[in-house]
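Peer 1: First, the structure itself, so that you have it in front of you.
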């Protein structure tokens, strides 16, 4: 794994050096193309660094946990991610994946709750899955642009009982408030260190803007950051959302059922090379989170025959198509039609007519 970190840092440095030469291109259209190309590939590299820092949070980088945390803190702070804060809530996500009350992210609406929120009958909810394509597209753009920040600041899509016992009481439940309800007293120092990392990186960006101009900082850092934001939301959303994957109430949930309520997908070369195959082998990551990414393929092939139909993968359609169709179809879950109590499935548009 250190070799992958070194490679990604080298990619980042090479792209940055190359970007400083873009102003020499005489043609404005070609400069725009060059900046767009830089932003895309630097965003892919940044996503890879985010993924490796995530591996550190699981203790997969080194046997030394302090080294794991230092490298992960540095990598995530560089990307304006609160390392320890997210590590803590992410650990709770792994502990309660697929639990309708205790999971910390991507908990879908139930038909009853959504009908109450919209002030309609449950039978009328099918119209939510029949939005015009342009409305769904605009909603998806908002999801990709703002989803990560909304989660960090508002704890959006978390279950109603996802907060830990003995947590703080002061202020909102967000990933920056070390006195808030997301974290316990013993975790406050770690949360403060996360905030310190963001403060250091923010100061670096501000200083850079005084030296090379704010617009250049936008082009060099914030455009790639938006790509990282997009990939992060798209990857994690599709890993945990699929028309065939159930969610569970407390009476039916178990750790194993929750871990298997995940999906292996693919994005081709970008996923294999830049994203360290985190998309391709996510199910095994939830079963054994300390397995490093470079062992995930081997482990997946070993457990697939044992899991049988309980293993979920969706690799026959393009990643972008999967994102668009899943976003339109997987809006709310219902226990109606389920043969098992406490097992909820997404109500799809073609099932509602």
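Each Cβ is built from the backbone N, Cα and C atoms, and glycine gets one as well.
Bear in mind that the values here come from a model prediction, so they are computed numbers and not experimental data.
What TrEMBL lists as domain 'Fatty acid desaturase' is 34-311. If you look up TrEMBL, you'll see 32-52, 189-208, 214-238 marked as transmembrane segment.
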Peer 1: Give the nonlocal contacts of the transmembrane segment (32-52) in its own chain as ranges (CB under 8 Å, at least six residues past its ends).
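Peer 2: For the transmembrane segment (32-52), the nonlocal Cβ contacts are 1, 4-5, 8-9, 11-12, 15-16, 18-19, 22, 25, 61, 75-76, 78-79, 81, 219, 223-228, 230-232, 235, 270, 274-276, 278, 293.
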Peer 1: Across the whole of the domain 'Fatty acid desaturase' (34-311), what does the mean pLDDT come to? Round it, please.
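Peer 2: Averaging the confidence scores along the domain 'Fatty acid desaturase' (34-311) gives 93.
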